[in-house]
Every structure is written in structure tokens, then in C-alpha cells.
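Visitor: Heads up, here are the entries from Swiss-Prot:
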- 27-47: transmembrane segment (TRANSMEM)
- 48-68: transmembrane segment (TRANSMEM)
- 94-114: transmembrane segment (TRANSMEM)
- 117-137: transmembrane segment (TRANSMEM)
- 144-164: transmembrane segment (TRANSMEM)
- 171-191: transmembrane segment (TRANSMEM)
- 216-236: transmembrane segment (TRANSMEM)
- 241-261: transmembrane segment (TRANSMEM)
- 272-292: transmembrane segment (TRANSMEM)
Amino acid sequence: MYISALLNVESTILDFWHLLKPRIMYLVVFTAIAGMVAAPGSIHPFLALISLMCIALGSGSAGAINMWYDRDIDLVMERTKNRPIPSGRVFAESALEFGITIGILSVFIMAIAVNYISAALLAVSILFYVFVYTIWLKRRTPQNIVIGGAAGAFPPMIGWAVVTDSVSWESFILFLIIFMWTPPHFWALSLNRSEDYVKASIPMFNVIHGPKKTRKHILIYSILLVLTSLLPALFLKKSLFYLSMAIIEGCVFIWFAISVIRLKNHSSQKKMFSYSISYLFSLFASIIFCSIDLF
């Protein structure tokens, strides 16, 4: 009986953990670290840890509220039907309360322990994801991912503000990289999930404009992304190394985008989606390495 109770507690904790969309959270925290490391100045390690905790909680808050609001469409989509709310493992009201609570806590702690600018940016990113993307754009326009992608682009900007207590053109460049990355990344996935989006009545770009136009736009945004990714060389310490990495990784990204147009199949789109994740991690890892004099 005691073991059974422990297993139930563990299962509940895991369900609430999944509400936070942990895979997105890892990327959010990693890009925030890049913003902190690339920023001029320094911060006490304990404050840096507190900041990253707040950013992670803020990201999780947006994810939990998103799952609460999207519980109806999650239920009919193959990709999302096993999430905690549609599967019945977590009550919708509990998910909403959980999301709001950790969101408020994350912003409050950031404001008290770090600075008001980073707290304000964190609040804006949460509110943008919930109200602008989830509630307003997602079910209304095929540009949902393009505009809504701004929510996921804030973390390096927040990380920069944690250290500098300011927003600058350098941090905006880091924001812009993720903003340009989001459409080709997500459209590569949505091309393979068109039936899901049709069932859920979500006007994804590929559903409204068709796969041919979507693939062309994947290439367009990929080129814009690669061009944008070169800009951090203007302020990084090891700019030549970074530039080399950005060019090599960017050429591979464009090659995958061209493959999506040329092959027009599930496999090329899946590979594009998978590589786009590796690409962003690698690019921001290069930003970190080129900011701390490791070589």
C-alpha cells in the first residue's frame, strides 16, 4: 500500500512536470544562458542560478496555461492526445492554477532578486505566449507561428538583461535569431502533421496555403535565419571562429531546406525538423564558447 501511494505521487509529479513542456524549457534555459554569458559584465553565480530557475518556471508557466487552453484540440490531435489534461491524468483547473502560480512566482522572484527589466521581459514573454499566440493567433491565422514565435525568442534577451539590467541591439540580434528560426523549424513538423491540424481546425500555413508554398517559405526563412545568425560576430570575442561555425551550420540548414523542396516527403521534413533543434543548440553553444575565452 505504501509503495502504491509512492508510485501515485511519483506519477502525479511526472504529469505536472510534463505540463511544463520540458523539452521546450531546456532550449529556453540554454538560450538564456547564452544571453547571460554573451552580455558584458558579470553576475554572482547564485543570482545566475536564481535567474535561470525563474526563466525555466516562466517557460513552464506558459506551457501549462497553453495546455489548459488547448485541451479541446489536444484531445483530437494524434500528437497531443496523450498529454496530461486530455488523457485525464490532470484536471484542467489544476493545470491552470499551477501555471498561473508558477508564472507569478517566477516574475516576482526575478524582480526582487535580480532586476525589474529582466522581470518585465519575462512577464512579457509569458503573456505574449498565452494571450497573443495561444488565445489570439493560433486558431485564427496561418501566420500564428511567425508572429507567435516572438514568445520563444525572449530568453536570450532576458539572460542579457539579467547581467546588464538593460536591453541592447546585441540582445535584440539574439532575439532575432530565434524569431527567424521558429517558422522553418515548426513548419517542417507541421507538414508531417497536416491531418492533425485539419482535424483540430488550426489554420497552419501548410493547411491554408498548401505544402508547395510552405516548403518555399521554409527555404526563405532559412536563408533569413542564416544571414541573421552571422550578426553576433559583430560583438563576440572570438568572432572569426563563431562566423565559421555559423556559416557551416547555416549551409547545412539551407541544404536541409532545399531537400524539403526537392524530395517533398515525410523523411526530408522530419530530418529538417530534427536538424533545426541541433542547429539552434549548436549555434548558441558557439555563442557561449566565443564569449568566455575557452580557446
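Cβ from N, Cα, C; glycine included.
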Visitor: Among 94-114, 117-137, 272-292, which stretch has the most Cβ pairs under 8 Å to the transmembrane segment (171-191)?
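Guide: Out of the listed stretches, 272-292 contacts the transmembrane segment (171-191) most.
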Visitor: Of the stretches 27-47, 94-114, 216-236, 241-261, which racks up the most C-beta pairs under 8 Å with the transmembrane segment (272-292)?
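Guide: Between the candidates 27-47, 94-114, 216-236, 241-261, the best contact partner of the transmembrane segment (272-292) is 241-261.
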